[in-house]
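*Asks:* Pasting a structure here, questions to come.
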Amino acid sequence: MIAWQNGAISNFDYLMYLNNLADRSFTDLAQYPVFPWVIKDYTSDTLDLENPETFRDLSKPMGAQNPERLKDFINRYNEMPAPKFHYGTHYSTPGYVLFYTLRAAPEYSLNLQNGKFDAADRLFRSIADTWNNAYSGMADVKELIPEFYMQSTDFLLNLNNLDLGVTQRGERVGDVILPPWADSAADFLAKCREALECDYVSQRIHHWIDLIFGYKQTGPEAVKAHNLFYYLTYEGELDLDAVSDPAERKAFEVQIMEFGQTPRLLFSVPHPQRRLPCVQRPLGPADASAPMDEMTGDAVPSLDEDDDEAGTHADDTTDHGDDAGVVTKHLEVDVPLVVEQQTPSAVVDWSVMLNLTHMATLPIHREGITGLALSHDSNTLFSVSQDSKLKVHDLRSHEEVIGQRIGDSSLSAVLLFPDNDTLLVASWDSCLYLYSVELGSVLSQWQAHHDAVSTVKLFRSSDDNRTVTVLSASWDGSIKVWELESDGTTWSYVCVSDLGEHAVDITALAVHPERQLAISGDNEGHMAVWDLADYTEQRRISDLHFQAINDLCFTPDGKRLITCSSDCTLKVVLLDSLVEAMVVTLDQEPHCIATDGTFILVGCEDGAIELWDSTHRTLVQSFRQHKAAVRAIAVASDASCVVSGDEDACFTHWIVQDADSETDVLSSL
């Protein structure tokens, strides 16, 4: 799912994957893979994929596409006794598969029709007619098969010169009649595939997944979506073993085999939306002095020229550290942003990161790194990855100390407890794992959620570090509060609260212990604020982002929230008023962030780590060592060390160097 959301696999491949999970197969006509109608315009001379009117409504089943026909279905539904259904036919049956594949596999149709083809008027002869029947006919709500989005034209062309008969209009049936916008069968398939993969469909295909594979299959949601079929089409609705009458059992079997089977249910909550790729523009010399209003689209007055003394204007590019992997850019800023000053004791001033020096970039996993943590002395790195491995590295020598498989699924996050020994590891297998670095073994594991655990955060710990409270979030939309207690040898755990839920996958979580607040973000850009004093929901935030929340964090004083999203924006929000104090549109999708309250480190899709000054909305530096998207960042408590991990399984180690002593320090390592 994540690979599809991030654009790593196509819509076609993901739908094939879902069909496979739902037990749909090319070798089973009764459970053949089902694909959606995407295009509804089969009369225009050109296919306009920029026009919404070109596409069917993917949030509705085929039976609900035509409002007038839907009224008849609803009236029939309201008048019928239980078990009710909207459609007596189905969107995928063996007959429909044979209908589409008549020309490619005529022997199957001949077998079905007792050695002859069906009447010519009922054959698959025209794309437009087939759409019109599925759009308007009371007995036709069929979807498509994968072949409409593949390369073989065999099912569209009468290559075998089959005698398919003559229609009542006197027209001989041969090749399938294509829409005017298709120059050939190959062109038709190419344009269908292009439509399936286009942005308009990518942003809406999750609705169709909800109907076919998800929570709108059955129950109240199916009724509301006008998506209810005859009860025998659903898995588990009838126990055939309990039917003792052979004739009755045979009738049920024929009904199930011949008249459609709904795919196995895969998702019980709304499916997340696909993330659209960010609009990228190359960084050139002109960008070094590009005003912030060009990046954000905001119209704001420029600073006076004498403000240049404040350091908000510069046109120089300066190298810091050991090579040209560090590029300094001062963007011309408009009006300095007025923000509350950070409390002096909160954290070390991250302006020291202007002297951040690259120490090493090494591959440490087999698959992408998903989480990082630093020991309290910043000498040890803990990392987890999609390769199911927890690894421990000595940052002084960059040597691996521990490599431990944790379960059989991808790992998503790692949290170091205050005792500097115990790690809490989150996994896609829905479990949490407690691991002792000293013992080199898993201490405990338990199923924490009903789907993958996406992240874990520390809330508080006792003075002796034997009682620790953490929060976990999941793709199942839930957030749980766990209290873990150690007797010095073993750990016990109890869920002290199951907070309210999101409707989709939770992708980010932040906790502020002093303010006793947590904020969660999900795959559709929604956020929720939680009061950890009484474990209640304070508010929902739905208008800051329109795509997935990739990461979020509090400023140390807890008064501001920093968010980044797959909509390519980085924002600073005053938490009490929800005023957006900073909005920046980035060139690349941001995946992870960290802050001291003034400066923000941002890990980006192109492998860059950017350092932003939130006070002036200024990009201060861009560090470039990674070759792939940066997925995790960890910063030492004294800001002396930064580690980052990417989706190519590499980590990069950075340290802060005093410019005057840099040479001496490097020579001593």
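Including glycine, each Cβ sits where the backbone N, Cα and C put it.
Whatever TrEMBL says is automated annotation, not expert-curated.
Quick paste of what TrEMBL says about this protein:
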DOMAIN    1-274  domain 'BEACH'
REGION    283-323  region 'Disordered'
COMPBIAS  310-323  compositional bias 'Basic and acidic residues'
REPEAT    362-403  repeat 'WD'
REPEAT    470-492  repeat 'WD'
REPEAT    499-540  repeat 'WD'
*Asks:* Residues of the same chain, at least six outside the repeat 'WD' (362-403), with any C-beta under 8 angstroms of its C-beta?
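*Replies:* Cβ under 8 Å, 6 or more out: 409-416, 420, 423, 425-427, 435, 437, 440, 628, 631-638, 640-641, 643-651, 653, 669.
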*Asks:* Go through the chain and flag residues at least 6 beyond the ends of the repeat 'WD' (499-540) whose CB is under 8 A from any CB in it; none is fine as an answer.
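*Replies:* Hits for the repeat 'WD' (499-540): 1, 5, 269-273, 451, 454-460, 471, 473-481, 546-554, 558, 561, 563, 565, 567, 575.
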*Asks:* Mind tallying the repeat 'WD' (362-403) by DSSP state, helix then strand then coil?
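*Replies:* For the repeat 'WD' (362-403), the helix, strand and coil counts are 0 helix, 25 strand, 17 coil.
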*Asks:* For the repeat 'WD' (470-492), provide the mean pLDDT of the predicted model.
*Replies:* 93
*Asks:* DSSP-wise, what's the residue breakdown of the repeat 'WD' (499-540) into helix, strand and coil?
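*Replies:* Result for the repeat 'WD' (499-540), in helix, strand, coil order: 0 helix, 24 strand, 18 coil.
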*Asks:* Write out how many residues of the repeat 'WD' (470-492) are helix, how many strand and how many coil, based on DSSP.
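*Replies:* Counting residues per DSSP class in the repeat 'WD' (470-492), I get 0 helix, 15 strand, 8 coil.
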